[in-house]
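> Please find one structure pasted underneath; my questions will follow.
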Amino acid sequence: MECCAPVIGEILRLMYESTFSRVANAIKFKSNVKALNESLERLTELKGNMSEDHETLLTKDKPLRLKLMRWQREAEEVISKARLKLEERVSCGMSLRPRMSRKLVKILDEVKMLEKDGIEFVDMLSVESTPERVEHVPGVSVVHQTMASNMLAKIRDGLTSEKAQKIGVWGMGGVGKTTLVRTLNNKLREEGATQPFGLVIFVIVSKEFDPREVQKQIAERLDIDTQMEESEEKLARRIYVGLMKERKFLLILDDVWKPIDLDLLGIPRTEENKGSKVILTSRFLEVCRSMKTDLDVRVDCLLEEDAWELFCKNAGDVVRSDHVRKIAKAVSQECGGLPLAIITVGTAMRGKKNVKLWNHVLSKLSKSVPWIKSIEEKIFQPLKLSYDFLEDKAKFCFLLCALFPEDYSIEVTEVVRYWMAEGFMEELGSQEDSMNEGITTVESLKDYCLLEDGDRRDTVKMHDVVRDFAIWIMSSSQDDSHSLVMSGTGLQDIRQDKLAPSLRRVSLMNNKLESLPDLVEEFCVKTSVLLLQGNFLLKEVPIGFLQAFPTLRILNLSGTRIKSFPSCSLLRLFSLHSLFLRDCFKLVKLPSLETLAKLELLDLCGTHILEFPRGLEELKRFRHLDLSRTLHLESIPARVVSRLSSLETLDMTSSHYRWSVQGETQKGQATVEEIGCLQRLQVLSIRLHSSPFLLNKRNTWIKRLKKFQLVVGSRYILRTRHDKRRLTISHLNVSQVSIGWLLAYTTSLALNHCQGIEAMMKKLVSDNKGFKNLKSLTIENVIINTNSWVEMVSTNTSKQSSDILDLLPNLEELHLRRVDLETFSELQTHLGLKLETLKIIEITMCRKLRTLLDKRNFLTIPNLEEIEISYCDSLQNLHEALLYHQPFVPNLRVLKLRNLPNLVSICNWGEVWECLEQVEVIHCNQLNCLPISSTCGRIKKIKGELSWWERLEWDDPSALTTVQPFFNPVREVPLLIADATTQML
């Protein structure tokens, strides 16, 4: 019996605890429900905030992103489960409450755990690097690749070692040197103030080393303005001074092909600036040794497992399936661990499920090994696989991109025009249709990793190795792709033995050619492309040289010093499709072009021609004429333009020639009515002499145009984002002008130095017709008759507010420059603008402007994203109404305020503009409050003087801590006063 006592006691204890727990849960049912509701509310809010902040993690490491995504997924599941249980408890009887209470407690524990993890994520999100010390360099990371991580660690060790002042990173092309140093750069950026360098400068050098270009990149990071006429020596001295001011700097020179004398660039020696370092990447160890590196790190190919993971990432999940995995792994191994090859082949095979296709690919890669004679060719074979997957048309398009110099950012429109001239684009109808097809091909080549984004908008370029591969294809081939590519090599002369009858394309662009051989016979009888642009020293093209290329379709002599073009009747270029003479500033005259029967494009932009090219009217296929920036063009004979029956594009932007209507033009000169006869015209940019054109509503041919730029009056160009169909009126009296018929087709209107603008505006308002297509309005240098203005305002506002016409219902941009308004409300009320679609306001040198919106106007501008105001001396605030319940710009992202000495406030005290991302305040010394709080999670950059920043007052003390990392101080300079000649008269 005694032995049973402990057992019975334990049983009774467990029964008591179980019973007590049930009773306690039943008693605490309501409190558990309340606790769960409160925790659930906090977790839901935390999850919402986390979603908004998710973008800020895009530049951080992958594991953190994955953890965040997993946390969000788990939080969503728990929130759904909790809400379901809370709904069930409503119908839960008293007898079931203990069980329900236990379930609620269990879910409550899960909610609290997720809440704790979420708070940790918020803490991580609040820690940001200092952006001005290290600029982010876009691209993939190698953090989780074993070999690359080891090499990165070696470089980091070198950065902390006193013995390693210069570090060389070397390896074969495409192995990942750039990716490695890019990762290093971005890791330093993430570390913010904890990393040891005051400034990190990332510079792309490239094969054809240009000291001036390298200096420009360094100077840009140092905020040093470069001037074209400044010598390299003088700029080097300024760079030296700038770098010596830095506490420590790290200079990363990427893609160095030849030894560089850093002294000539202005780089201080390491003994002069203790702790500073230089890293260079090169394909050749000899370059590193010549530059006296202290530590050389060889970049090897990826380990097999890392290579396989990279291959899977690019080829997709199909390679992990049982029927493909084994073969796919063999294909990955054939890439030899070379990242560029792995990415290219993986992308080419992405989503391919057919096993026979994979076997075919493996066979191709395996069989190519025996005839490879060099390491570089081993790189090309995997690239050739991707190339072979292209259609024939895409192959030719790809190879043509290799005609440009290394690291050259190619204008997409230029290369597509070449493709069109070569006949690669299908005849889809208009040039615009063909251009769209070409852009689609560009995107396809980018998807295959054979092209990548260029350094500027709407440009592309080739990776060095990919370009080398393309040249290898063209130089070794004897078929339609056989080409001679010597672009950007510093070539000073071209020998005849370099040319061959089998050549299809010849690129000698961007060299130092001073002369060309005068050949005596048709030699390059298959050549369709001859690129000679960028040879600034070339003054003459011998007729014999061009006669050697009888089948040319593309001839580019842009940027040369030629004064004349050989007689076309002697050249016999009967197949020529496109002739580019852009920026041949010495060219003043052309021969008759009537024998160029197949010519479709002529580019004379920036030439000094005096008269319209002769013979174009005889060309039945001619479609594109560029006469922009022809500053000396004086004559266009009558009845010539009207005969260009196939013309689709006439670009005379910033040309000296001014078109007139019939009856106003000089005798024998073309009139604007001739342009109306061009039934196929789609793109037009011209300058008109005066306003009669605007009075003639019969010019409805304009509505046929897809794009137009019409400048009426003096030459005046101001770019906006909506210039597809733009009308500019400059230096004219427009009191009698009626432009309503034209505004119906216009997307952008600019009025500059115009008199009688009140009468014109009054007519537009009285016509009671809105202009739905107009998205941009610019008013500049306008003095408004205040009495007339007030009269029009009162006339318009006398209507019921609901009846007021919105003259510009889709306006997105508004630019006011040197306009004597006191409030923006005057313009808004007079024109009946509701501003519901307005995104950008830019105001400068409006000396009388006191406020944007006055006390009578409680308008909000719901979609406004950017405000930029400068040199408005009288501006005191943005909104005169002292109390309004919500921000009048609830979606503002960018706020730029410059040189506003009397600006006192931009918002109510304590008001918050949650969407703000970028703030710039310079020389606004009386402004002491910003609409920013600690909840403004989108702030990316705040720019201003340090003294102003330190004077700011904060309604929310924690706001300063939150946004301090995003503040970029600017150099404090005296307030610039605009020249009197630029002020209102």
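Going from the start of the chain as shown, residues are counted 1 onward.
Glycine residues also receive a Cβ, built from the backbone N, Cα and C atoms like all the rest.
Note that the coordinates shown come from a computational prediction; the quantities given were computed from them, not determined experimentally.
Feature annotation from Swiss-Prot assigns ATP binding site to Gly171, Met172, Gly173, Gly174, Val175, Gly176, Lys177, Thr178. Look at Swiss-Prot and you will find 24-88 tagged as coiled coil, backed by sequence analysis. Feature annotation from Swiss-Prot assigns domain 'NB-ARC' to 167-429. Look at Swiss-Prot and you will find 502-523 tagged as repeat 'LRR 1'. Among the features that Swiss-Prot reports, repeat 'LRR 2' is placed at 526-547. The repeat 'LRR 3' annotation in Swiss-Prot covers 551-572. Per Swiss-Prot, repeat 'LRR 4' is recorded for 575-597. The repeat 'LRR 5' feature in Swiss-Prot is assigned to 598-620. Annotated repeat 'LRR 6' per Swiss-Prot: 621-643, in sequence order.
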> Could you break down the residues of the repeat 'LRR 3' (551-572) into DSSP helix, strand and coil, giving a count for each?
4 helix, 3 strand, 15 coil
> Setting Gly171, Met172, Gly173, Gly174, Val175, Gly176, Lys177, Thr178 aside, what same-chain residues sit with their Cβ within 8 Å of the center of the Cβ atoms that define the ATP site, listed in sequence order?
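For the ATP site, the extra neighbours are Arg283, Val299, Leu338, Pro339, Leu340, Val465.
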> Measure the Cβ-based neighbour count of Gly173 (ATP binding site), defined as the other Cβ atoms within 10 Å of its Cβ.
18
> Against which stretches of its own chain does the repeat 'LRR 4' (575-597) lie, if we need a Cβ under 8 Å and a gap of at least six residues from its ends?
417-418, 420-421, 528, 533, 539, 550-569, 603-611, 613-616, 618-621, 626, 632
> Relative to the Cβ of Val175 (ATP binding site), which residues of the same chain, six or more apart in sequence, are found under 8 Å away?
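Val299, Asp300, Cys301, Leu338, Pro339, Leu340 - these are the non-local Cβ neighbours of Val175 (ATP binding site), listed in sequence order.
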> Restricting to the chain of Lys177 (ATP binding site) and a gap of 6 or more, list residues whose Cβ falls under 8 Å of its Cβ, or answer none.
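Set apart from Lys177 (ATP binding site) by at least 6 residues yet with Cβ under 8 Å, we have Val169, Trp170, Gly171, Asp254, Asp255, Thr281, Ser282, Arg283, Val299.
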> Looking only at residues six or more beyond either end of the repeat 'LRR 6' (621-643), which have a C-beta under 8 A from one in the stretch?
431, 582, 588, 597-613, 649-657, 668-671, 674-675, 677-678, 680, 685
> Same chain, outside the repeat 'LRR 3' (551-572) by at least 6, Cβ under 8 Å from its Cβ: which residues?
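Same-chain residues near the repeat 'LRR 3' (551-572) but 6 or more away: 418, 421-423, 509, 525-543, 578-596, 603, 615.
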> Check each residue in the chain of Thr178 (ATP binding site) that is at least six apart in sequence and keep those whose C-beta is under 8 Å from its C-beta; list them in sequence order.
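Same-chain residues close to Thr178 (ATP binding site) (Cβ under 8 Å, separated by 6 or more) are Gly139, Asp254, Asp255, Thr281.
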> Run through the repeat 'LRR 1' (502-523) and tell me, per DSSP, how many residues are helix, strand and coil.
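Its residues divide into 0 helix, 3 strand, 19 coil.
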> Met172 (ATP binding site) has how many other Cβ neighbours within 10 Å of its own Cβ?
21
> Identify, among the binding-site residues Gly171, Gly174, Gly176, the residue whose Cβ has the fewest other Cβ atoms within 10 Å in this structure.
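Relative to the other binding-site residues in Gly171, Gly174, Gly176, Gly171 has the fewest Cβ atoms within 10 Å.
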> Could you please provide the mean pLDDT value for the coiled coil (24-88)?
70
> Count up the helix, strand and coil residues in the repeat 'LRR 2' (526-547) according to DSSP, in that order.
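The repeat 'LRR 2' (526-547) comes out at 5 helix, 3 strand, 14 coil.
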